[in-house]
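Inspection log for the structure reproduced underneath, given as C-alpha cells.
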Amino acid sequence: MKEIIEKLAKFENLSGVEMTDVIERIVTGRVTEAQIASLLLALKMKGETPEERTAIAQVMRGHAQHIPTEIHDAMDNCGTGGDKSFSFNISTTAAFVLAGGGIHMAKHGNRSISSKSGSADVLEALGINLDLKPAELGKVFDKTGIVFLFAKNMHPAMKYIMPARLELGIPTIMNLTGPLIHPMALETQLLGISRPELLESTAQVLKNMGRKRAIVVAGPEGLDEAGLNGTTKIALLENGEISLSSFTPEDLGMEGYAMEDIRGGNAQENAEILLSVLKNEASPFLETTVLNAGLGFYANGKIDSIKEGVALARQVIARGKALEKLRLLQEYQK
C-alpha cells in the first residue's frame, strides 16, 4: 500500500490492475483507515483517471447486494453530491417525475455528507423504509416501477471506507464512484457532477460500465444538477459515442433563477418542498425539477430533445402521475 501511495504522490497514474488490487484489499478489511484516507487524498490531488475510476467501480459493484427483479431496463439519476449548494433534493424529486412518466426508476442514494439532507434523509422523512432486504426491494420495484436503494445497505463493503471518508469531509473519488456502483445493471443513467472538467471522462466510465445511453451533467456555479442560474454543460453517451454540449434556461424557453432560490433545508423541510413540487405548486423548486426531469427523459431516450422532456415533465406533474408514484412507494416500501 505504501508503494501505491508513493506512486500517486508523484502524480503517476495507477493501472486498472493496480487499482483493482488496492480496492479489493480495502473492501476486505486489509488496509488501515489512515492508509485509506491517504489514498483518497492522493487520488484527489493527482486527478482520477477513467481507468482508475472504472476499476474501483467494478470492484465495488462486485461486492454489492443483488436485487432480484423482473425489470431489466432500470434507470438512476443519482449525482455525486459534494457541491455544497445546499439545494433541495433535486434528483430525488425528479425521480418521481421520471417514474410517473413510465421510466423504471431505481433511485440509489445515501445520507447527506456535505449538505443538510441527502436522498435517504428526505425519503425517510416521507416514511420510506431504508432497511428492507434485497428480495423485498425487488418486489417493491416490480410492483411500483420505483424503488429506493439505500447505498449504505447496498454496499456493506463501504463500511471499510466510510470512516475515512467522513473524517476527511471533502469530496473524493468515492463521491465520483457512488453513482457508478448501482447494484442493478442499469441501461440508462443521468449522473450529476460538480466538476465540469470531468464530464467526458465520467461518460467514458459509464461506457466502460455498460450503459447503453447516459448523460453526465454539470450545472452552473458547481451545481451537480442542471440549473436555471446559468449555463449547464452535458456529456451525452449514445451508441458508444460521447458528445459535449451546453444549454441555458433561455434555450429551453424557461425563466432563470438564482441559486438562493432553490436552497433547501433539513430533511423535513425538503420533504415539504418535494411534496409541493409533486402537487404542481408554482415555484423555482418546481421549475428546477421540471428541468432535471426533462433532462432525465432525454437521457433515457424516451424523447428526442431536452425541450420535449421538459414539456413531458410538466404533463406528468400536472396529471398527478409523479405524486401517484410517491404514494405507491410510501405504500409498498414501508
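Cβ coordinates are placed from backbone N, Cα and C, and glycine is handled just like the others.
If you look up Swiss-Prot, you'll see G79, 82-83, S87, 89-92, 107-115, S119 marked as 5-phospho-alpha-D-ribose 1-diphosphate binding site. Here Swiss-Prot flags G79, N110 as anthranilate 1 binding site. Among the features that Swiss-Prot reports, Mg(2+) 1 binding site is placed at S91, E225. Per Swiss-Prot, the feature anthranilate 2 binding site maps to R165; the stated evidence is sequence analysis. For D224, E225, the entry in Swiss-Prot reads Mg(2+) 2 binding site.
All features noted in Swiss-Prot, drawn onto the structure.
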| residue | record | DSSP (3 states) |
| --- | --- | --- |
| G79 | 5-phospho-alpha-D-ribose 1-diphosphate binding site | coil |
| S87 | 5-phospho-alpha-D-ribose 1-diphosphate binding site | strand |
| H108 | 5-phospho-alpha-D-ribose 1-diphosphate binding site | strand |
| R165 | anthranilate 2 binding site | helix |
| D224 | Mg(2+) 2 binding site | coil |
G79, S91, H108, N110, R111 screened against E225 (Mg(2+) 1 binding site), Cα within 10 Å - retained binding-site residues: G79, S91
S91, N110 as binding-site residues, winner by CB count within 10 A: S91
Whole-number Å only: compute the distance from the Cα of N110 (anthranilate 1 binding site) to the Cα of G79 (5-phospho-alpha-D-ribose 1-diphosphate binding site). 11
I need the least crowded one of these binding-site residues (H108, R111, R165), counting other C-beta atoms within 10 angstroms of each C-beta. R111
Distance from R165 (anthranilate 2 binding site) back to R111 (5-phospho-alpha-D-ribose 1-diphosphate binding site), taken between C-alpha atoms, in Å: 13
If we check Cα distances from the residue listed as 'anthranilate 2 binding site', which of the binding-site residues G79, S87, S91, D224 wins as closest? G79
How far is it from D224 (Mg(2+) 2 binding site) to H108 (5-phospho-alpha-D-ribose 1-diphosphate binding site), counting Cα to Cα, in Å? 15
Inside 10 Å of the Cβ of S87 (5-phospho-alpha-D-ribose 1-diphosphate binding site), count up the other Cβ atoms and send me the figure. 26
So if I measure Cβ to Cβ from G79 (5-phospho-alpha-D-ribose 1-diphosphate binding site) and keep only same-chain residues at least 6 apart in sequence, which ones fall under 8 Å? S91, P179, L191, G192, I193, D224, E225
